Amino acid sequence: MSELYDITIVGGGPVGLFAAFYAHLRQAKVKIIDSLPQLGGQPAILYPEKKILDVPGFTNLSGEELTQRLIEQLETFQTEICLNETVLDIVKSDDGFTITTSQAQHQTKTIIIAMGGGAFKPRALELDAAESYSNLHYHVSNISQYAGKKVVVLGGGDSAVDWALAFEKIAETSLVHRRDNFRALEHSVEELKASSVEIKTPFVPSRLVGENGKITHLEISQVKGEESQLLPLDHLFVNYGFKSSVGNLKDWGLELNRHKILVNSKQETSVPGIYAAGDCCSYEGKIDLIATGLGEAPTAVNNAINHIYPDQKVQPKHSTSL
């Protein structure tokens, strides 16, 4: 039988990393299980260079920097970390729970699920032969390589607006969105309108023109009208969001609401001893932000400790008094 842990955290993104660190402050024996080959979740893999604006105390923090700071914080303690392991099943046991993954079985007294939106892949651009072009991208890495290029960004949410603003500093940039209004933070939209980004609204991509495996032009068509334009480009970035999959979540006996785990004010799920924090959980008034998830993590940890040791107070000493 495998070693018994106090708290096993499913998910190694920002919320999972901070939950693990905080659990160590409560002197818990902690394990992290993640299906990805590295820690950090979406910020580390999908937008390592994108600036994150909703983490308190930082005005210019990238996904990579956030991940590195959280990992460095966690490295002050010994944490068992299991990567490339997909959770297949969770079953109640005498000591707590048995977690079966694609690699092993894990024994734990309590569980904190911090898996974000689950497995994720970008929503594809649905135009003929789109996937055959090498200069069509869904992620940005090493933004400096696009300096001096013609860049077209598709989308109207935070990622599209933020990337358009980032590219504008180094490249000739256009942003194409199907509506006149953007779904991004108001502050970012004001920056966009004051920038040199060429805003194309309300237009949708209608055709790709290319040669030798690369797109040379994007044809866009007016949503309600007959106008069309041909935009020259060197690189096309698609920011239509992500399709997420919660995998076997529905089979773990947890009450769900629209593919998210219902929790109470203790971050406790419908199964005693299992908690959830971050984007994977749901409650009335829930806002999906990294900052929100980081705040939910200590609540989940403290109540998990109280589940293990009912005689201990849920409210611990403040870290400043330790």
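A Cβ is built for glycine as well, from the same backbone N, Cα and C atoms used for every other residue.
The feature FAD binding site is assigned by Swiss-Prot to Asp34, Gln42, Tyr47, Val87, Phe120, Asp279, Thr320, with sequence analysis given as support. In the three-state DSSP reading, Gln42 (FAD binding site) counts as helix.
Following the DSSP three-state reduction, the secondary structure of Val87 (FAD binding site) is strand.
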